[in-house]
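I grabbed these lines from TrEMBL:
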ACT_SITE  261  active site, proton acceptor
BINDING   90-92, 119, 141, 169, 237, 259, 292-296, 315-316  FMN binding site
BINDING   143, 178, 261, 264  glyoxylate binding site
DOMAIN    11-366  domain 'FMN hydroxy acid dehydrogenase'
Ligand SMILES: Cc1cc2nc3c(=O)[nH]c(=O)nc-3n(C[C@H](O)[C@H](O)[C@H](O)COP(=O)(O)O)c2cc1C
């Protein structure tokens with residue numbers, strides 16, 4: 001390790017040039033059980049790996065001799081402008097990776113001008129996350145608690161703190177099998193205070209997620225209850241089929257994040273990029289569709305947009321950036337992939353994200 005890491009600056013000798021460079025750094029730096037927790041997939045991790053491999057089965061079809069002096073990566077999600085269609089997926093426990101955890105992430109997202117979806121399992125208080133980056137665009141990812149009253153309080157708190165959308169994660173009616181965490185006997189409840197889940201004055205009360213934290217009884221019909229307690233747009237994260245996409249339209253949902261939870265829940269489902277076209281076709285333009293899972297390069301972003309995503313989200317790469325240098329590390333990660341995406345647009349002949357379409361890709365025969 002000694003010859004690879006510059007001990008004075010705490011950083012590596014060579015500049016990091018792509019997102020997987022940050023992955024290699026995080027692997028060296030983090031304790032094994034933390035690394036395994038972040039990197040792990042469910043069961044055989046087939047879907048986790050396929051999320052990445054599936055992007056490599058798609059080829060680009062560039063168009064040349066188009067003026068690309070002014071490439072504009074900006075777009076909007078739920079009506080709000082972001083500097084590029086590359087935002088931050090909800091991941092829990094940022095304080096495992098960097099001391100002030102989610103506060104660093106929030107500042108980096110604000111500086112980059114992208115949306116940060118804060119997880120229910122955040123390890124900083126929501127008030128502190130909001131206060132440290134007051135101008136940042138934030139959505140809140142909710143796991144519905146069996147005690148609906150507690151969930152309602154949390155939703156109202158989130159709304160009053162200026163979060164702009166509620167993201168309901170649908171793919172965790174129970175936790176997937178994470179073999180490494182079993183082998184490492186990882187116990188996040190013991191390691192971390194889930195500070196986030198009560199307002200500051202209530203912190204001594206029973207942790208929100210003690211016992212059975214996630215309500216596995218939640219159904220489509222319960223969405224109207226959520227809609228009745230908030231004015232925020234509701235986005236479903238984890239939809240993978242046209243059947244569920246059609247139900248989302250029927251239930252007046254505002255957006256879908258096509259996702260398989262980074263391959264951490266049900267293994268052997270489609271790679272998220274392979275499920276995207278089906279969902280996009282099913283919603284028929286009635287809501288925005290986003291994607292997460294396996295986004296590692298600017299070309300991946302371009303491919304997802306070509307298949308109909310309005311925006312993509314990054315999970316693990318943000319944690320690698322945090323592990324590297326906290327706020328600055330996340331800024332670097334976002335900066336690198338935004339620059340890559342700018343290059344992808346220029347080299348395929350796109351001045352604006354609206355020009356990215358299906359003709360720009362082709363599935364390769366393996
Ligand atoms: C360490 C870790 C924690 C996560 N925690 C949450 C969470 O609290 N809520 C949630 O909806 N998704 C969670 N996810 C899933 C991510 O939101 C996202 O779907 C996934 O990481 C995207 O894939 P990628 O890591 O390949 O970018 C987590 C993922 C990781 C790696």
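The backbone N, Cα and C atoms fix where each Cβ goes, glycine too.
Since we're looking at a predicted model, the values are computed, not measured.
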List every residue in the same chain as residue 237 (FMN binding site), at least 6 positions away in sequence, whose Cβ is under 8 Å from its Cβ.
90, 141, 167, 168, 169, 170, 171, 256, 257, 259, 292
Using Cα-Cα distances with a 10 Å cut-off, which of the recorded positions 143, 178, 261, 264 are near residue 92 (FMN binding site)?
none
How big is the Cα-to-Cα gap, in Å, between residue 143 (glyoxylate binding site) and residue 294 (FMN binding site)?
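Spelling it out, the Cα of residue 143 (glyoxylate binding site) and the Cα of residue 294 (FMN binding site) are 23 Å apart.
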At 10 angstroms around each C-beta, which of the recorded positions 261, 264, 316 has the fewest other C-beta atoms nearby?
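Lowest Cβ count within 10 Å among the recorded positions (261, 264, 316) is 316.
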Out of the binding-site residues I have (141, 178, 296), which ones have their Cβ sitting under 6 Å from ligand 1?
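Those binding-site residues that pass the cut-off, since their Cβ is under 6 Å from ligand 1, are 141.
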Hey, of the binding-site residues listed (90, 294), which one tops the CB count within 10 A?
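The residue with the most neighbouring Cβ atoms within 10 Å is 294.
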Max CA to CA distance in Å over the glyoxylate-binding set 143, 178, 261, 264?
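Across 143, 178, 261, 264, the two farthest Cα atoms sit 19 Å apart.
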Which three-state DSSP class does residue 316 (FMN binding site) fall into?
helix
Over the domain 'FMN hydroxy acid dehydrogenase' (11-366), what is the model's mean pLDDT?
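Mean pLDDT for the domain 'FMN hydroxy acid dehydrogenase' (11-366): 93.
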Determine, to the nearest whole angstrom, how far the Cα atom of residue 178 (glyoxylate binding site) is from the Cα atom of residue 316 (FMN binding site).
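Just about 16 Å between their Cα atoms.
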Could you find out if DSSP has residue 261 (active site, proton acceptor) as helix, strand or coil?
helix
Can you see whether DSSP assigns residue 178 (glyoxylate binding site) to helix, strand or coil?
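Coil, per DSSP.
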What's the CA to CA span in angstrom from residue 264 (glyoxylate binding site) over to residue 316 (FMN binding site)?
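Checking the Cα atoms of residue 264 (glyoxylate binding site) and residue 316 (FMN binding site) gives a distance of 12 Å.
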Using a 10 Å radius around each Cβ and all protein chains in view, which of these binding-site residues has the most neighbours: 143, 178, 292, 296?
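Highest number of other Cβ atoms within 10 Å: 292.
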